[in-house]
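What TrEMBL says about this protein:
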type     : residues  : note
TRANSMEM : A:21-39   : transmembrane segment
TRANSMEM : A:45-64   : transmembrane segment
TRANSMEM : A:71-91   : transmembrane segment
TRANSMEM : A:97-117  : transmembrane segment
TRANSMEM : A:124-142 : transmembrane segment
TRANSMEM : A:171-192 : transmembrane segment
TRANSMEM : A:222-244 : transmembrane segment
TRANSMEM : A:256-283 : transmembrane segment
TRANSMEM : A:304-324 : transmembrane segment
Amino acid sequence: MRIGDAKQSYEADEAIWTTSTQKLWFGLFLLILLVFPFMADSYLLYLGCLVGIAVISTTGLNILTGFTGLISLGQAGFMGVGAYTVAWLSVNTGLPFPITLVLAGLMAAAVGILVGLPSLRVKGLYLAIATLAAGVFLHFIFAEWESVTGGMGGLSLEPAHLFGLSFQSDFMMYFIIVPLAVLMVLAAANVFRTRIGRAFIAIRDRDISAEILGIDLLRYKLMSFALSSFYAGVAGGLFAYFYRVVTPESFPLSMSIFYLAAVIVGGMGNLLGGILGAAFMTLVPEALKLLTAALTPFYPNAPVFMSPMLEIIFGALIVGFLIFEPHGLAEMWHRIRRFFRLWPFKN
Amino acid sequence: MFRNILNKGRRLAGLGSLVAALTVATPAMAQDKEPIVFGGSIPLSGVFAFAGIHIHAGLTDYTDWINSEGGINGHPVKYVMEDTAYEVDRSVAAFKKISGSESPATYYGDSTGFMKAIASELNSQGDTLMSGASFATALTDNEQYPYQFIPGPNYSQMFGIILEYIADQGKDGDMPTVAFVYSDTEFGKDPIENGKARAAELGIEVVEDIVTKPGSVDVSAEVLKLRRVRPDFVVFHGYVLSPINEFMVQMRQMGLDTQFMGTFWSSDKLIIDKMGADADGYMGVMPYNYYDSEESGPMLDALRAQAEKSDPEADYRPTGYMQAWFNAMVWTEVIKRTLDADKELTGENMAAALASIEDWDTGGIIGIPVTVRDMSFPVGRIWRVNAEKGRYEPVSDWIHLD
């Protein structure tokens with residue numbers, strides 16, 4: 001039983017892993033991630049890659065919405081910018097994927113800064129509508145700027161490549177997506193140990209107080225938008241290499257809502273929440289299908305009546321979380337940790 | 001309590017009988033030939049569910065029927081599907097799951113987006129032939145999509161058939177004018193450029209083209225545009241119902257005698273059911289006979305009999321059902337030709353078998369023998385709504401594009 005950690009320096013207080021148990025668990029988690037692709041079939045590998053992309057994008061949105069308090073409904077648009085940047089660069093220049101991914105992130109960040117400009121004047125729902133408008137505008141550009149984006153037909157691209165290796169299969173893509181997801185989440189965790197991250201949190205908690213403390217609101221809000229969009233751009237770039245086709249319809253408004261829901265269900269302002277939320281939103285609809293599979297031997301027509309039911313159950317699960325666990329899955333995880341930490345005493 | 005125990009006992013006995021039956025049946029089944037698997041990403045929920053449930057019914061009924069006929073060259077057919085909610089990522093997940101566990105020879109894709117997204121995987125796997133709900137022109141590019149085909153004319157070819165019909169209506173060198181109204185989607189924009197080019201070749205003037213949101217209802221501004229140019233024909237594309245109904249009602253209220261036409265997914269009986277008498281005169285291009293048409297043929301009769309058997313209370317089967325049945329028919333023909341040639345069921349061999357289809361009699365599903373061109377069946381007929389009888393009736397012969 002461990003009942004507390006004595007922290008005797010600022011460094012110890014700000015450390016990502018405060019105990020050796022945490023380090024052990026994280027090491028074990030990395031080992032599982034490493035072994036997973038060698039054990040999983042193509043279906044599980046595909047879902048693993050999908051979760052990896054969702055984790056990157058959700059972490060980006062969490063930086064903006066969860067940590068800075070700026071609601072955005074433009075995440076799909078920023079992902080689209082990243083995806084089209086990668087697709088265009090891949091088709092027209094043949095650059096290797098590390099460069100195209102960084103450029104995708106930077107391009108999305110630049111667009112994010114532009115979209116973030118109104119954030120000094122408008123907040124809450126107003127900002128949500130402003131970012132929604134940006135998403136619609138970006139969709140219009142994807143559809144109409146035919147010479148660059150291929151119009152409604154979109155762009156097809158070659159597999160990601162590096163040093164003569166072609167990352168064509170899900171197995172190979174896993175080794176791009178998942179390490180990048182781990183690195184980007186760790187990078188985000190580090191951001192919140194710096195002045196910049198603390199400024200984001202200060203703005204979220206009370207922007208007027210933050211300004212009085214000397215935080216340049218516009219600068220830090222735009223920085224948050226840039227960082228969040230960078231993550232979305234990289235996620236979009238990975239999306240492009242993963243599916244190898246990008247069309248305007250790949251990035252609908254519902255995708256932005258999906259990521260916002262992932263942040264809320266996971267736990268706003270909590271990086272672990274972003275990871276859990278992304279996994280939940282991606283995997284639960286698939287897991288629910290097991291119900292149908294279990295019923296099909298007894299009722300051959302089960303898919304027909306169960307499929308709409310599953311959509312309802314999934315919606316109800318999300319609503320249930322908002323009502324009964326407003327701090328999201330991360331809070332559930334923390335409660336479980338507290339239980340084991342204090343066991344056998346009452347939590 | 002006693003009743004409880006008795007009930008549990010009955011359930012256990014039932015379960016025991018099932019296990020016993022399966023145990024007895026297993027050796028017999030093992031002697032059979034390997035089943036051939038039809039896979040499917042089917043949208044049973046989501047925005048395309050209205051068609052998805054009928055597509056599922058069509059594939060299920062065809063599978064039951066072909067098995068009752070002895071399967072394909074003695075191989076039983078197994079249909080394995082997953083719901084996709086018409087979302088590309090879930091559709092791809094379904095494909096991975098099914099192809100990982102069942103090795104489907106053929107597969108039904110629920111959207112153009114999915115079929116494009118899965119193309120690289122399909123090409124690298126090389127053991128599945130795919131078709132589905134999409135009639136996208138892009139999918140007939142054999143270089144990029146060598147293992148995918150269109151179970152009918154692609155959208156550009158549908159426009160070609162419509163425009164040939166319109167050209168035939170011209171009298172004394174006075175060619176009718178046409179306007180295109182389409183949705184702001186990949187689906188909607190697909191045939192427009194090719195349609196304009198074909199219209200120019202036939203000497204038909206495209207006097208207006210209008211893009212709307214799919215499902216939009218307020219189209220008064222667009223109707224005013226059409227009123228100014230007074231087209232003889234308006235061709236809708238990229239919609240299921242709205243705003244076709246709005247355009248028709250408003251233009252007729254303005255006294256225009258324009259005739260209205262639509263492509264495959266805009267030519268379902270749904271339009272008659274929703275619009276009633278207002279649907280009268282609406283025309284659609286359809287590659288298959290309607291379920292309630294007066295046409296007949298051995299396969300069309302078998303389809304009707306199987307549909308009646310599987311759901312006696314349903315007196316009509318929509319176009320999604322007919323399309324799914326035809327898909328499965330083509331798969332069967334392709335597999336049969338491949339097996340008859342003593343070849344493996346690979347994507348390449350099945351694509352070659354598909355390309356070899358020439359003057360194929362579909363037993364009344366399509367009214368004339370059909371020939372595959374560029375992985376599609378460029379054939380169709382113009383049908384017109386008879387609102388009083390509540391059905392579509394043919395107004396043209398079958399048109400086969402060369």
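Backbone N, Cα and C define each Cβ position, glycine as well.
Of the ranges A:71-91, A:97-117, A:171-192, A:256-283, the one with the most Cβ pairs under 8 Å to the transmembrane segment (A:222-244) is A:97-117. Remark: the transmembrane segment (A:71-91) contacts the transmembrane segment (A:256-283), by the rule of 3 or more CB pairs under 8 A. When each of the listed stretches A:21-39, A:97-117, A:124-142, A:171-192, A:256-283 is scored by C-beta pairs under 8 angstroms to the transmembrane segment (A:45-64), A:256-283 comes out highest. Looking at A:97-117, A:124-142, A:171-192, the range that has the most CB pairs within less than 8 A of the transmembrane segment (A:21-39) turns out to be A:171-192.
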